[in-house]
Every structure is written in C-alpha cells, then in structure tokens.
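The domain 'Tetrahydrofolate dehydrogenase/cyclohydrolase catalytic' annotation in TrEMBL covers 4-119. Per TrEMBL, the feature domain 'Tetrahydrofolate dehydrogenase/cyclohydrolase NAD(P)-binding' maps to 138-289. Among the features that TrEMBL reports, NADP(+) binding site is placed at G164, R165, S166, T234.
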Amino acid sequence: MTLIDGKAISEQVKQEIATEVAEIVERGGKRPHLAAILVGHDGGSETYVAAKVKACEACGFKSSLIRYETDVTEEELLAKVRELNEDADVDGFIVQLPLPKHISEQKVIETIDYRKDVDGFHPINVGRMSIGLPCYVSATPNGILELLKRYKIETSGKKCVVLGRSNIVGKPMAALMMQKAYPGDATVTVCHSRSKALVKECQEADIIIAAMGQPNFVKAEMVKEGAVVIDVGTTRVPDATRKSGFKLTGDVKFDEVAPKCSFITPVPGGVGPMTIVSLMKNTLLAGKKAIYQ
Ligand SMILES: Nc1nc2c(c(=O)[nH]1)N[C@@H](CN(C=O)c1ccc(C(=O)N[C@@H](CCC(=O)O)C(=O)O)cc1)CN2
C-alpha cells in the first residue's frame, strides 16, 4: 500500500509556481493577484482562507482578503463581486463557501466574471470543462488529477466510482475521470444518497473517490483488494480529548480500508492541501492571462 502524500506534492507544486513567478517578475512582469472574500467566522472557512493567503505568499503572489460579517446583505456582497470584476489589478478572486443561508451562492457565482473565476465554479467554466475546452477547473477535482498523475496511477479503462454529486467535487470529478485524456478514460459511476447498488458498485471499483461528507462512510467490506481510494472528506467531528475540540475525519474508515488498497490518501494531508495548490495554479494562469484575455 502506498500512502499518497498530498502535503509533500503540494509543497513541490508551490515551489514550481514560485520559480515561475520569480522568472515573470525578473522579466518585468507583474505578480499574480488573488483576492478572497470571506463571510462570517466559520472555523473551517477561516482555516482554508488563511491557508490560501499563506500559499499566495509562498508562491510569490499578491493577495487581498475581504471580510464581511455574517449579516452582510446579498446586494452588498454582489456589489463587491462586481467591483472585483472591474478591478484591473485583481487577476482572479474567490468567494469562500459556504455562504450564510440568506445569500444565494448560485447568484454570487454567476455574478463573478468567468474570466476571473479561479475557483472554476461559474457555469461557463463548468460547461467548458465538461466538453474539454480550456477553462479554470475547480480546485479539488484538479488536485486529485494532479495526485493521480504524480503517482502515475493508471486510470484508462478502470472502473471509477465517485461517491457524492456536489457541484464543486462530485460532478466535475466524474466529468474529468471520463475525459479523453490522462488522467481520465475511466468508466465512471456516480453514487449518492439515493443510489441503491452503492455498496456493490464500490466493491467492483478500481478507483473510489469518496466525496459525500459522511465521516467513515467507506468501510473495508466495500473496497476490493488493490483498489485506489481517494478521500475528499474533511468533517470536523467533535472530540473532547483534543485541544481543538474536534477531529478532522475523512469519508473513509482509513485504518481498516488502507491495508486493502494499492494507493490511498490520508485525512488530513491528502486531497486538502492539493485543493489549495490547485487554486494557486489557476491564479498563475489568471495572472498570465493564459486562458482568457
Ligand atoms: N470558494 C471555495 N469554497 C470552498 C472550496 C473551494 O474550493 N472554493 N472547497 C471547500 C473547502 N476548501 C477550500 O476552500 C478546503 C478544504 C480542505 C482543505 C485542507 O487543506 N484540508 C486539510 C486540513 C485542514 C484543517 O486542519 O482543517 C487537509 O485535508 O489536510 C483546504 C481547502 C469548501 N469551500
């Protein structure tokens, strides 16, 4: 069994980006600039946005953090999005999700100029991704592709089961695993809370990508010998024995599943760090105007 080290790969990728940025600056070019909007004080969102700002520093990017209290109105937030769309100094920006219930995430995403949508959530980027056109690909699925590539994991003709159908992970992941390219060319099945044959599908899978957000959902009996298991789950489960008060728990029951796998990602230290670094890759593309002018 090989443990996929997302933390180490993400450090490598950040170094590669930093080298390229240094060359751009040396030639008189501008550092890529990522802006992030954070609404409220959700513990996870605070952690992830702080990690994004820190990664920008490591890559040599400029970053701006724009904060709002939870009671910000939808109109105020949309006005800031429109302002960032017009700000020539900002190459790309994100609005950290989830947003408070009184704000429509879809409306916010659709208001972002797709040319600055480095999260790859705008319908134009999602549509272009699904038909294989150049676009910003959403960070978590793209990070998983990078791990498959760096560990030279065969995907062509493999049976891949994606657990979960979210817009930001499950759906794009399924589209990317079936794309005519490497990594891809897989036979993909998407399972979700209403799927009847979920266990059977998993038992037959060469690759399982678990993104349901249900701690310890994937058990040993659901995984065949030699399978590749990618765990996207990062649920904060209360744990009074820890200083933080919670334990970060994946969707896979790691201790019992790992011995059966050829490759497996841990939580933490697997997919999570790759999500951050994939956003950095998109920001570099935005800075270089490599996809859209
Ligand atoms: N605007 C966005 N919102 C959200 C996204 C996104 O891509 N764009 N994805 C998730 C959260 N997310 C990034 O924002 C994210 C999740 C997890 C990690 C991560 O590094 N996890 C670490 C553990 C960190 C911890 O201690 O909590 C790990 O798995 O090792 C990074 C980013 C939803 N929202």
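Positions of Cβ are set from backbone N, Cα and C atoms, glycine also.
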Sequence-ordered binding-site residues from G164, R165, S166, T234 with Cβ under 6 Å of an atom of ligand 1:
T234
Taking the residues the record says bind NADP(+) (G164, R165, S166, T234), how far apart in Å are the two Cα atoms that sit farthest from each other?
16
Which residue, of the binding-site residues S166, T234, has its CB surrounded by the fewest other CB atoms within 10 A?
S166
What is the total of other Cβ atoms whose distance to the Cβ of R165 (NADP(+) binding site) is within 10 Å?
18
Within its own chain, what residues at least 6 apart in sequence put their Cβ under 8 Å from the Cβ of G164 (NADP(+) binding site), listed in sequence order?
G170, V190, H192, A210, A211, M212, G213, V232
Reported mean pLDDT - the domain 'Tetrahydrofolate dehydrogenase/cyclohydrolase catalytic' (4-119):
98
Write out how many residues of the domain 'Tetrahydrofolate dehydrogenase/cyclohydrolase catalytic' (4-119) are helix, how many strand and how many coil, based on DSSP.
61 helix, 19 strand, 36 coil
